[in-house]
Amino acid sequence: MAAGGAVAAAPECRLLPYALHKWSSFSSTYLPENILVDKPNDQSSRWSSESNYPPQYLILKLERPAIVQNITFGKYEKTHVCNLKKFKVFGGMNEENMTELLSSGLKNDYNKETFTLKHKIDEQMFPCRFIKIVPLLSWGPSFNFSIWYVELSGIDDPDIVQPCLNWYSKYREQEAIRLCLKHFRQHNYTEAFESLQKKTKIALEHPMLTDIHDKLVLKGDFDACEELIEKAVNDGLFNQYISQQEYKPRWSQIIPKSTKGDGEDNRPGMRGGHQMVIDVQTETVYLFGGWDGTQDLADFWAYSVKENQWTCISRDTEKENGPSARSCHKMCIDIQRRQIYTLGRYLDSSVRNSKSLKSDFYRYDIDTNTWMLLSEDTAADGGPKLVFDHQMCMDSEKHMIYTFGGRILTCNGSVDDSRASEPQFSGLFAFNCQCQTWKLLREDSCNAGPEDIQSRIGHCMLFHSKNRCLYVFGGQRSKTYLNDFFSYDVDSDHVDIISDGTKKDSGMVPMTGFTQRATIDPELNEIHVLSGLSKDKEKREENVRNSFWIYDIVRNSWSCVYKNDQAAKDNPTKSLQEEEPCPRFAHQLVYDELHKVHYLFGGNPGKSCSPKMRLDDFWSLKLCRPSKDYLLRHCKYLIRKHRFEEKAQMDPLSALKYLQNDLYITVDHSDPEETKEFQLLASALFKSGSDFTALGFSDVDHTYAQRTQLFDTLVNFFPDSMTPPKGNLVDLITL
């Protein structure tokens with residue numbers, strides 16, 4: 001008997017031999033075959049296109065069909081203007097029919113780059129015989145394209161590839177039949193539809209959608225159709241659609257409950273450079289320290305979300321064996337053990353000496369309300385020197401703390417006087433909370449090696465508790481604003497560069513030079529970034545605005561959820577302050593990933609007329625997608641709108657009554673757009689049948705065509721696995 005517990009070994013990924021099959025052009029001695037050999041020190045060992053006019057391409061033919069998993073590009077030993085800044089890769093079993101496998105770009109350096117190619121459809125691997133590389137843009141504007149070396153890797157074991165090839169052929173045939181079925185049904189060719197389905201036994205869609213089509217398109221039973229849609233929503237079938245919709249931000253200012261008459265002493269005052277953490281289990285926000293414009297603070301507060309109330313835990317933590325007054329420090333919370341850690345601070349050059357420059361490290365126990373000094377000087381214990389504007393993350397599972405970056409404070413001269421001494425930045429450290437020991441994981445490095453990381457200040461660092469990676473991006477190093485983005489796997493000690501910041505994705509990623517506050521949602525695999533005001537006076541513009549960005553970790557893509565309408569000064573009657581927080585820096589943002597709410601407090605609004613001004617406003621931010629209830633109401637509206645239009649043709653009086661009652665209740669009358677659309681519907685009562693535009697289906701009656709159009713709209717809310725194919729048969733006809 002075979003070993004029951006044995007796991008099948010993963011198929012081996014190996015280099016795939018190929019030959020040059022076709023090319024668009026080449027110039028002089030820069031032949032396509034040159035990409036078969038890797039000679040980084042030979043400037044002539046490359047393919048170069050004759051021009052940069054599209055389409056330029058190379059088609060590679062594999063020795064035999066294979067699952068092509070990766071493509072590697074070799075380069076010249078120096079940067080080169082002809083390197084590919086943007087390119088696409090396509091693949092397929094024949095050169096006439098290819099699928100896009102990759103859209104990316106190369107860095108303009110000498111390092112080889114490997115990219116993963118799309119090689120699965122619905123989790124099933126598919127084979128390719130041909131690979132087409134299409135250059136789109138070179139690093140030097142208007143230069144010809146050059147490719148120095150190409151390597152393909154994947155699986156070409158016939159025992160694995162052949163079943164994939166069989167599946168792929170069957171899949172293509174099945175999709176072709178489904179396109180025919182869709183076409184026949186749209187045109188009401190009932191006999192042809194039924195005959196093809198009976199013969200092939202291939203389903204066009206999930207039975208539930210067939211049921212909806214039957215009730216809606218064939219029978220016009222709108223009530224039954226609504227019931228089926230309601231069942232679909234309640235069964236969670238619209239969840240996938242909801243997860244793909246863009247967020248809309250909803251800010252609301254929090255006005256905490258006041259217990260005393262004066263109302264001043266029972267909430268934190270104005271400040272910037274403070275720190276906040278949140279206990280998501282108890283829904284409590286903890287706030288400590290900061291700078292009020294004239295002095296550092298040592299007060300410690302807790303805000304209960306449930307009670308909507310601030311409680312002052314301590315007016316001065318130093319008096320309770322805790323940290324002294326400070327700002328630009330960092331805090332992190334261990335929710336499992338209910339403990340808060342704080343490290344670092346900013347010290348003015350006038351008060352710096354060998355004693356004050358020691359980096360103390362404290363832990364606060366929430367349940368016993370006590371502070372404990374873990375270290376008088378972390379540098380003496382193998383940890384970081386005294387730093388400010390660093391970042392700190394907690395790994396509760398392994399009981400570890402990670403701290404990275406920050407400016408090291410020194411005795412000599414002012415921090416701003418770069419001539420007195422080159423600024424020093426702190427590396428990446430790990431603190432084992434159990435053993436109370438520090439370990440240096442990465443020193444600050446300016447080298448561009450694959451495992452090197454560059455220290456910085458004012459950056460973002462987040463810990464993903466599920467994939468166990470730190471994510472680091474942005475920040476500043478001396479006068480340079482950084483926009484690279486990398487992850488660090490804490491278990492394998494490996495750095496992965498997500499973006500080196502050289503690609504000009506202007507407008508597609510958060511801008512550098514602005515204060516960024518970031519949070520992470522490990523469950524949704526999302527990083528959230530609030531971009532505010534620049535600390536740099538020269539960079540501060542009058543029309544500065546907040547923007548909120550979301551990075552999708554799985555899709556490796558940024559999206560901007562909103563940029564505020566800088567409306568306060570353009571429209572004095574509308575105060576921006578009432579709707580959302582004004583742009584600022586030195587503020588704090590925390591995220592409750594359990595209840596999906598952000599909390600923001602205080603900061604510096606950067607008013608040159610009042611440089612000491614600090615804020616004490618408190619806000620919550622919810623990122624909202626369409627709810628199930630909204631989608632159900634919207635679907636009912638679409639169905640009833642269509643029903644009304646049908647009635648309007650037959651019985652205008654009955655239609656008017658239907659409009660005023662049944663259709664009216666599916667509209668949100670507080671929404672101006674919905675209200676306007678609803679008001680325009682009445683015009684249907686005065687249209688003749690010929691006024692309606694059909695789908696262009698000359699062979700089906702108007703009602704059938706309109707109902708089919710409504711059905712196609714409703715289908716969009718269902719998961720792709722349930723729906724008919726997205727394309728149309730007629731679209732395959734080329735002129």
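Just so you know, glycine gets a Cβ as well, placed from its N, Cα and C.
So that you can see what the record holds, here are the features copied from Swiss-Prot:
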{"type": "MOD_RES", "residues": "Ala2", "note": "N-acetylalanine"}
{"type": "DOMAIN", "residues": "172-204", "note": "domain 'LisH'"}
{"type": "DOMAIN", "residues": "206-258", "note": "domain 'CTLH'"}
{"type": "REPEAT", "residues": "284-330", "note": "repeat 'Kelch 1'"}
{"type": "REPEAT", "residues": "339-391", "note": "repeat 'Kelch 2'"}
{"type": "REPEAT", "residues": "408-458", "note": "repeat 'Kelch 3'"}
{"type": "REPEAT", "residues": "469-515", "note": "repeat 'Kelch 4'"}
{"type": "REPEAT", "residues": "526-578", "note": "repeat 'Kelch 5'"}
{"type": "REPEAT", "residues": "597-651", "note": "repeat 'Kelch 6'"}
(message) Mean pLDDT across the repeat 'Kelch 2' (339-391), rounded to an integer, is what?
(response) 93
(message) Does the repeat 'Kelch 1' (284-330) come close to the repeat 'Kelch 6' (597-651), meaning at least 3 CB pairs under 8 Å for residues 6 or more apart?
(response) yes
(message) From the DSSP assignment alone, can you count helix, strand and coil residues within the repeat 'Kelch 2' (339-391)?
(response) 3 helix, 19 strand, 31 coil
(request) Over the span of the domain 'LisH' (172-204), count residues by DSSP class, listing helix, strand and coil in order. (result) 26 helix, 0 strand, 7 coil
(request) Write out how many residues of the repeat 'Kelch 1' (284-330) are helix, how many strand and how many coil, based on DSSP. (result) 4 helix, 25 strand, 18 coil
(request) Using DSSP, tally how many residues of the repeat 'Kelch 4' (469-515) sit in helix, strand and coil. (result) 0 helix, 20 strand, 27 coil
(request) Helix, strand, coil: count each for the residues of the domain 'CTLH' (206-258), based on DSSP. (result) 30 helix, 6 strand, 17 coil
